[in-house]
Amino acid sequence: MEEYRLGELRHLLTTVFLSGFSEFLVKPVMTDVTVAAVCSGLNETCSLAVYLTGVEQVTVGLGTMVMMPVIGNLSDRYGIKTLLTLPMCLSILPPAILAYRRDTNFFYAFYITKILFDMVCQGTVDCLAHAYVAKNVCGRKRISMFGVLAGVRSISGVCATFSARLLPIASIFQVAAISFFFGLVYMRVFLKERLHDDDEDDCDEDDNTSGRNHHDGGDLTMLAEPILRDAPTKIHIVLNTKYSSLKDMVSLIKNSTILVQTLVVTFFATFAQSGMQSAFLYFLKARFGFNKNDFAELILLVTIIGSISQLFILPKLVSAIGERRVLSTGLLMDSVNAACLSVSWSAWVPYATTVLVPVTMFVMPSVCGIASRQVGPGEQVRL
């Protein structure tokens, strides 16, 4: 098995880039479009826009909680490539609606369509991409590849945000729909279901060796961490069993305390991030008068710093201090960042807090790396 498969994963990375480009492209303009559609474009402090965004996130969150295990089971039956087709196909319609018109009626058509489709689409491409990497890259090399995957997504955010800064609003939604379409076609034509047929056996052996070293005390620095302490797990059961139902997913979680702990960490981390995303841009618009260009500049700064940290800093940091210390540090800096933003007293504060972004970007790749080592390649999608 090759030491590093960045070149072999180029088709997956291109697919993730095109998908991420489309998603990030519309983010800087959605606040202005929403306020203009539901608040007549006059009252920038209109709370209805914030409520609609909150309802969307709650509804989509509940939907994805139900749909993600189903998608995981279906991907094991029909393959990751087949399941990637569904979210990338459905994602084309919402931006296409706003590309046509952006008045109140069309906005609500977009709003309802996006909620329904995001129950299947939101996070699915990233989830399946992480599962694809986990099935084709083994052991500790996964965390580096997860970092590369996150870095490529951040780079797509840089390109998309820079484009949003230059393009008019109508063109932004047109380009987003076209990018989703090209990503779908590229994925169907070039992406292979597996890179090598013998990977699963190699990964089982690699992960079992990693698990034995972990429990034999080969990674004592990680055991001293306050987050995700080592706990008794039945890794041999997890690695050698194929799970085909939601009931078996519960059994999978029960067999590994570390998986339960990673779920708790993920829940609170994403809960905090979702809360910030639903209201933060509206807060900046109401408090400091931010517009599309201001949002684009701020997001561009964040994504540039984040992509550099995930591509170059994260792999070296994980090798030096371990996944769990990286995760602990990332969560701490995420809390400090949220606290500073919540009391922003001037328009320069959001820009100043970007110095914390390199560390806050480490959270999800670290969680994915820890969780993926608790199961075999055949169960990666269900995580």
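Note: Cβ is positioned from N, Cα and C throughout, glycine not excepted.
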_Which range of 329-350, 351-372 is transmembrane segment, per TrEMBL_ = 351-372
*Can you say which of 28-49, 50-71 is given as transmembrane segment in TrEMBL?*
50-71
_the transmembrane segment (258-283) vs the transmembrane segment (351-372): 3 or more CB pairs under 8 Å_ = yes
*Are there 3 or more C-beta pairs under 8 Å linking the transmembrane segment (295-314) with the transmembrane segment (83-100), counting only pairs at least 6 apart in sequence?*
no
